[in-house]
Structure formats: C-alpha cells, structure tokens
Amino acid sequence: MGRRGHKKQKAFRRATVDAIRKARLEKQKGANGEPTTATNEDQATSEDRPRVSKYEDIVKENALFEKYYKTMNLVPDDEWDAFLAALKEPLPVTFRVTGFRTHAFAVMHLIRERYFQPLQSSTAIEKPKELVWYPGSLAWELNLSRNQLRSHPELQKLKEFLYEQTEHGNISRQEAVSMIPPLVLDIQPHHKILDMCAAPGSKTAQIIECLHRDESNPIPSGFVIANDVDNKRCYTLVHQVKRLESPCFAIINHDASNLPNLKFDNGNISFDRILCDVPCSGDGTLRKNPDLWKKWNPGHAFSLQSIQLRIATRGIQLLAPGGLMVYSTCSMNPIENESVVAQLLQAFQGQISLVDISDKLPGLKTIPGLKKWCIIGKNQEIYNSFEEVPKNMQSLARPNMFAPSSDVIEQLNIERW
C-alpha cells in the first residue's frame, strides 16, 4: 500500500474516533444542553451495585400443588403451614469436609478456630449450623445472604476459603439432602458399587470418598462404576470426581434401564451396593428452583414413573445376594416414590425386602412413607382409585400408580419406608 493509502486509513480512523467522542458528549448532555454530573449509582462499579435475583418476581404459589399434597396428608396437619413456608425460603449453603478422617478433622478444626470462632460474637449473623446427623461433625449449613457476605469481612474470608478448599478437594459443597443416600449405603472398602444415574456427581464423589475411608488401605479392593445416559453430563461427572485422584472408579455412558452386564474374571459383575437416584419431576427442589412454582403439574410424574421403574428393576437384577440398593428421587410425589417401591416389592417378592434405616442417621428428622395416596388431574379433580379415573385419562394415570390394597401393604413391611 502506498503513502496515499496510509493517509486515507489514518484520516478514516481519526474521523471514527471523533464521531465516537461526539456521541459520548451528546449522551452526557442534559436537557438544557449542559453536561450532566454522574450520580453515585453511575459511579458505582458492577461489583458495588446490588445484584437483582432473577427469581424475585416469581409468585411462590401453586394451587394445584398445594391441594394435591394437602389432600393426601404428605405432612401432619399441624406442620403444613411451616412446611409450605420452608419451601418458599432460599436454600442455604451446605458443605462437608472430605478426605481421610485425620486430614478431614484437621481441616474442620481450622475452619472452627479461624473462621467460625470470629462469628460467635456477632449478633447480626446467623451462626453456622452443624448437620448433626452427618458422622464426625464434618457437615455444616450456612444460611447467609449475599448482602451479609459483602458487609462482613469475616464472612468474605470464609467464603474465599471455602472456594479455595473446594478447588483443592478438601471441601465439597453439596446439598444436605444429597448427602443422605451415600451414607445409608454403608459402603466398605471391598464393595463393588454402581451409581446408575450419576451426573453431575456429588453423590458419586461422596461414594468414592467412603470407599477410601480406611487410611491404612489407600488403594482398596472395591471400586465404583458411575453411569449416566447423557454424554455431556458424563464430562461434568469427570470434572467432579477427577480431583479425588482415585484409581478405583470408571465412568460409563449407557441407558440405566438397559445397562449391559459387565464382565470380570470370566463372569458377570454383581454389585454389593447400588445407588439408584433416578430422573424425576424434582418438586422437592422448589427452594433451589423457584421456577417450579409456576411450572409444576401432575403430568410430570405420570410421564416419568415408567422409566423410574425400569431403572430400579435393572438395578435389582444387577444386585449381588445380600447387597443393598438405595432408591432415591428429588420428588415428594408418591407416584415416583412409594408407588415405584411397592411395585418392585411385588415384582421381586421373596427376593428383596425393605431395610429399616431409622437408626442409621441419629438426629435426622424423618416421617414414615404414605400407605394411601391419591392422583390429581390438571383441573384439580382428585382420584383415590383407578376406577374413578375417566377414560380420557387412563393412558396417563395407570392402575399401578395407586396404592396397593391394605392386605398387600401389610405383607410388604411398608412401615419401614
């Protein structure tokens, strides 16, 4: 390019810069043609401005949801108002300390002394709360808002420490309810374990940690097979568990309802422990996903029950004699919980039974499962038996979704669920 071309380019750039400056000046002028002065809000950086929650305008009410669960007495009448109020509160932050017990206790001691102790004298901050049912006092709840985190330096230091230790694998931020299924599996270092629907992997990581519980045996003879049907979610699963640096797990990508037999020593592997945490409607996650208040309808459970039953059935087929399988969901709907378990107990009668785990996690508040439940239609009509279901709904609300007869209920030891 010649000198004339360079001059044209420079002239064009100058003109562009001048035009941008002029536009900025025009924008800053007020109605009287004078430049306006910046307000405090204009001068504030994005970090200083309060964050606006995208959920703040969601009305946390759903008449169909409330009618359905109140009709079937999901919780005692005198607890209903407190139950509904709790669903509308934000989900608190919960975490657990990971690793070998001596290391975990050392990290927990550091957290108590350096980060929890300075908070004890403050009256404006809700104190950290221990999850008393978690072994070793290694799981805690922090019910703190973002405004509190910004306004108290001690909390900011705690937050930064938790983030840093999470990256190093010393701490796992995990919802409290998610910690329960791996605990009741009672995992031992020699167990062969299958996690059927593993992603995103917080429970899988907890299972692997339980496998490595014995410090004198850094490479146990047991192992974990973590499966998920979604290939992309398997990559999330890899990211979640690779920080544990365990040689005792593998990740596979299959439909959990049709898992192939895995070969070992010229035979099929039967698993000592199986976690069957199935896809569900997720209405137990209202505190985390407030969108569900406006989206919830009974049709979600209708469409999911068949796949839940198929996955759980395949899990029992892969379970070793004397083994233990935990079936869990994030749903409160008996169609996805009690109904599925009742069908499994009848299909495998004499081969499987419910295990009483009421003494496994002392301090955890629980209520018994339902022995009777109803089904509700989109127009708020209640059906207590399949005979009441109109023909145009019978392809959705099937007979096996209702509770078994009282005679069958007594035979299945339902009082244990």
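Using N, Cα and C of the backbone, Cβ positions are placed for all residues, glycine too.
Record features, source TrEMBL:
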REGION    23-52  region 'Disordered'
COMPBIAS  34-43  compositional bias 'Polar residues'
DOMAIN    83-389  domain 'SAM-dependent MTase RsmB/NOP-type'
BINDING   Cys197, Ala198, Ala199, Pro200, Gly201, Ser202, Lys203, Asp228, Asp255, Asp277  S-adenosyl-L-methionine binding site
ACT_SITE  Cys330  active site, nucleophile
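Within the set Cys197, Ala198, Ala199, Pro200, Gly201, Ser202, Lys203, Asp228, Asp255, Asp277 that the record links to S-adenosyl-L-methionine, no two Cα atoms are more than 20 Å apart, and one pair reaches that distance. Counting every protein chain shown, the Cβ of Gly201 (S-adenosyl-L-methionine binding site) has 23 other Cβ atoms within 10 Å.
Cβ neighbour count for Cys197 (S-adenosyl-L-methionine binding site) (all protein chains, 10 Å cutoff from its Cβ): 23. Separating the Cα atoms of the residue listed as 'active site, nucleophile' and Cys197 (S-adenosyl-L-methionine binding site) is a whole-number distance of 13 Å.
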